[in-house]
Amino acid sequence: MAGEQGGSEDGQGAARAVARRSAVRSLVRLWPYVRPVSARLFGSAGVAVTASCLALLIPLVLKWMVDGPVAHRDPSGVWLGGGLVLLLGLLEAGLFGVRRWLIARPMAGLEARMRADLYRHLQRLPVAFHDRWGSGQLLSRGTNDLQILRMFLSFPMVFLVVNSSTVLVGFAILLVQRWSLGLMLLVPVVPLVLLCSYFESRYALASRRAQDQTGDLTTLVEESVLGIRIIKAFGRHRSQAEAFRRESHALRGTELRKARLLADLWALITAVPDVALGVALVVGAVQVADDRLSAGTLVAFLSTALALRWPVESLGWLLSMSNEAATAADRYFEVMDTGLPSETAPEPERPDADRPDADRTVRGQDGIRFSGVRFRYPDAPDGTADLLTGIDLHIPTGETLALVGATGSGKTSLTALIPRLYEATAGRITLDGADTARLTREQLRGMVSIAFEEPTLFSASVRDNVLMGAPGASDADLRWALETAQCGFVDALPHGVDTQVGEQGLSLSGGQRQRLALARAVVGRPRFLVLDDPLSALDVHTEALVEGALREVLATTTALVVAHRPSTVLLADRVALLSGGRITAVGTHHQLLADCPEYHHLMSGDTDERSAA
Amino acid sequence: MTTLADRPVDGSDEPGADPPEPARQKSDPYDRDVLPTPKGATRALLRELLRPYRARVWLAAVVLVVQQAAVQVGPLIVAYAIDRAIPALRAHDKGPLIATAVGYLGCALLAGVLQRAFIRLSGTVSQDVLLDLRGRIFRHAQALGLDFHERYTSGRIIARATSDVESFRELLSEGMQELFDVALSVLYIGLVLLYLDWALGLFALATALPLAWVMRSFHRRSRRVYTRRSAAIASVIVRFTETMNGIRPVQAFRRERDNDAAFAELNRTHERANGDAIVEMGRFNVTSWLIANTSVALVVLWGGYRVASGSLELGVLAAFVLYLRRLYGPIDPLGMFLNSWQSAAASLEKIAGLLAQRPSVPEPARPRALPVQSGDRPGRTVAFEGVRFGYRTGGEVLPRFDLSIPAGQTVAVVGATGAGKSTLAKLLCRFYDPTGGRVTLDGVDLRELTVPELRRGVVMVTQESFLFSGTVAENISLGNPDATAAEMETAAKAIGAHDFIAALPDGYDTDVRKRGGRISAGQRQLVAFARALLADPAVLVLDEATSSLDVPSERAVQQAMDTVLHGRTAVIIAHRLSTVEIADRVLVMESGRVVEDGTPAELIDGSGRFAHLHQAWRDSLV
């Protein structure tokens, strides 16, 4: 269901086409997941083989009946034969039941285990990874691909074994009974299987193409829904519908190609074995007429041949399912193989790592300190300059510093470095003297709280959304945080703080979401607080109220506040100006207004030095 | 002041009556993803979809009837060969054997050819139906009003257009032939068996009764378990997507471990339901195979007894055994078909529910054109005449509203959250229709304008600035697809967006979703402005469109606006009072009413709310 978009996907597609990976090798990687259930899996395969062979015995019993008791008019022998057929039939059905019972729940468990591992892994991969991979891409790995793998393990894999052995045993029986007739049936099998796998591989190509096109179509639908306000504001329904029509026609073309391939394939599958069977029937009839063959053998022969039809036909299909499963396994492990970043940086490598004692002495007093911090996005094209080119900045304990800079100057990126959502490319950031790179993320993120510019709420109650900032906080803390962020609207919601919000709950306005995100950031009364333009979506009235309450919170913590406007800047004790990847000025609002033309320009918009931004 | 939600809030109709135990708002059909679907809408939709292809559907049916006949006649020929051709051959009559050969081979080839024809035919029909259905959903979702979109959520519409269509596709491409094959083969085989030997035939067909019963009970039981499973996987998907989309807060607030636990719970529920579903399917298969194999054995027993006692021919018995295996052959696919039928039926019902929604803002039946403008001023007169408006769930947002904006005037609207500013803007853009009164453009009711006419008249720049995948240039030219590259660049320059766009890796051709295309919130707003400039409307509505801009960018936008808005009518919803400076007139709104109205200078010099606000704002400035 995912949109196949993003550069990484294109690259992978190409790589996949060039270097055909071995399907077997991909599937062998599933072993760690299969091992706990391997006994049952092998058991089920054994049971299935037995069941299929039992089914092949039924025609032999028929033959014995026809040539023996029936030919000799011996009704009691018929009873014996009929009883045997019944017994074999019941055994076959029962064993297939046992097979399913053996693996049903273990396979569901295997799928769940793989999904849990994927989810666990993804949550811990760096944000940069998620920038590259759309959630749809990841989701299709966590759902479709895992379903394909479960299906493969519980069905095609077992039946590849079962049907191959059934075919072998069946043809052995045919050849033993009448090798000439058996050969007649055997002749078309090899070209049939080859043709099937040829068609299946072309079909798989067309399928992949159809999947890609479906993905594009999904992207179009997603965007047309997410951007519905813009489309409506500009009356662009028709051009959107036109784009949709084009892409869905392309998809239809591919689907029709699939149908044509399928049609040819099935024409072969339907006609070829029957032609062979027809020839065998005629030749067999002649032999029976010449008394070179018993009538019972002919009946047994034909019913054996018929019983073998499905196993033969299915081989090509099973092979293509295996291919598909191998692709699914590749897609799954592609993500799982992405290494988690190491928790802490190795000891040396940092410029001022030679003063470990100094670290300790200032601990608890030093606030936030950036020294020589450089940063570029991991996916930035080669040749572009670093976004941050040497940040030196100190926010003493208890101080609130406003970070000001032109649109696109890297303010948000700088804030993301503190809780290590992105890793600085060089330099170091210390919190009360502790190098953030040497803290575990767990420790670090326990110290820092952050409110993002684009507030995200999860499908949970307002309470849970806010309290995720401070697990275990009391109701009083919750109240306090909501009041601080002026979230009075919460009480007007249908169930107050227990109202479900997020994608599956109530939709709140941008301003309301932003205030809840602010409440989340302050609820734990964190030692270090990072606010990224926390008031941008608020109107002047609300902004003034939030500012008043926020001031009290800021007085008790060390904070970095990204600010666009004077009113937000006034929350801070001092201001730092970010320009050209560096901090070019630090001072109080009034100092900078007086001394720094660029700052003056950013705050007032006057002056004609627009080029400074 | 902020107790009134500034956007419609689902189910907020009785804020005072909180039940003690918080639960999902079960009363609202939107929450349960169940839209009021008229009875029979699903059937009607299916009929309507198939109607244009009636001829081809019938043709496909005929092809399949003949094809199945060719397939099912095989064992009959075997019986003929054993009972007639062999004795004839013994009597040196080769005729029956030749007939056998020709018949068997002919049928084999015919079956193959017709199979091919049928797959092609049904493939075309089902693809055409799907094309039609996808298009309908897409166009319908686009036509539905914003009020619907805000309540139904994007995820559900996307699910309708993708996974629900997909399950219908699976039914069409894989299930349908299965069903007809089964029906026809049961029919043919039944007839042949009765013809061969009515007593044995009747007996064989009687075994279909317990089989039908097993199928029915499976159908009933599996519906429950499959519903459970699809609900379970849906929660897994929601959790998964939400975590990945919100990975920044997830990591920043160390939610990983709690999420693992919560996800494990959902995953376990799904695992259980999934296991139940597989077991249910297994139970169906085993029971039906037990019945099938038992009846084969009984036919063999009785038939063998009768052959032995001379009242049945051997060939007939052979044919019976061959036919019975065929009769029971499709049991496994039939189980799968029942599943895909169920999920497709559920999906189609949801789709029908979506399609049954009537757009709240319909296109006019008899459209009127806007009057031709006199002179060179592009602006038009806007009037709200006795307009009342309330969201479906809340009270009235605009109690009764009258406002006239002369052509060419720039009006700034200020007021607290929930005062009705955004509602005013949305009514003016006809995102909603008023519940009473009318909104006019040069005297023409907005409801009488076609979409293209309306959008030449009014265009809005919203606070949220979503970018579509594609290049920056494509995103800007959405405002006017016919504009030249030079016109687009002029618009970008006018608004101050050119500099940052030129600095992107591929300039205007940078793909906003690809590497290096990272565009900040403020920059996205500039793109949205450039788009609006390019659209060149008579009335421009700006809804808090500069919230993420820094002061210089905002200033640049305002300077551009000064020239751009010249002669145009403009309504600016402002969070920030800086915007007010370019306005000719300021409206202060409170609880859906205009409480102050005048030029900025008048209001600032007065002693009203605006003067007070403005003073506070001045103080915060430099």
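The backbone N, Cα and C atoms fix where each Cβ goes, glycine too.
Sequence annotations record features per position, and here TrEMBL assigns transmembrane segment to A:41-66 (among others). Within its own chain, the transmembrane segment (A:41-66) is flanked in space by residues 34, 77-78, 81-82, 84-85, 88-89, 91-92, 95-96, 98-100, 102-103, 106, 153-154, 158-159, 161-163, 165-166, 169-170, 173, 177, 294-297, 299-301, 303-304, 307, 311, which lie at least six positions past its ends and keep a Cβ under 8 Å from the stretch.
Taken from TrEMBL, the feature domain 'ABC transmembrane type-1' covers A:42-324.
Marked as transmembrane segment by TrEMBL: A:78-98 (among others). Panel annotation: around the transmembrane segment (A:78-98), residues 44, 47-48, 50-52, 54-55, 57-58, 61-62, 64-65, 68-70 of the same chain, lying at least six beyond its termini, place a Cβ under 8 Å from a Cβ of the stretch.
What TrEMBL records for A:151-175 (among others) is transmembrane segment.
TrEMBL lists A:181-199 (among others) with the feature transmembrane segment.
Residues or ranges marked as transmembrane segment by TrEMBL: A:265-287 (among others). For the transmembrane segment (A:265-287), the residues of the chain that approach it from at least six positions outside its boundaries are 178, 180-181, 184-185, 187-188, 191-192, 195-196, 199-200, 203, 293, 298, 301-302, 305-306, 309, 312-313, judged by C-beta separation under 8 angstroms.
Look at TrEMBL and you will find A:339-363 tagged as region 'Disordered'.
Residues annotated as compositional bias 'Basic and acidic residues' in TrEMBL: A:347-363.
The annotation domain 'ABC transporter' is assigned in TrEMBL to A:368-605. Model confidence over the domain 'ABC transporter' (A:368-605) is summarised by a mean pLDDT of 87.
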Could you tell me what the rest of the chain brings near the transmembrane segment (A:151-175), counting residues at least six beyond its ends with Cβ under 8 Å? 27, 30, 34, 41, 44-45, 48-49, 52-53, 56, 60, 99, 103-104, 107, 110, 181-183, 185-186, 189, 301, 304-305, 307-308, 310-312, 314-315, 318-319, 321-322, 324-325, 328
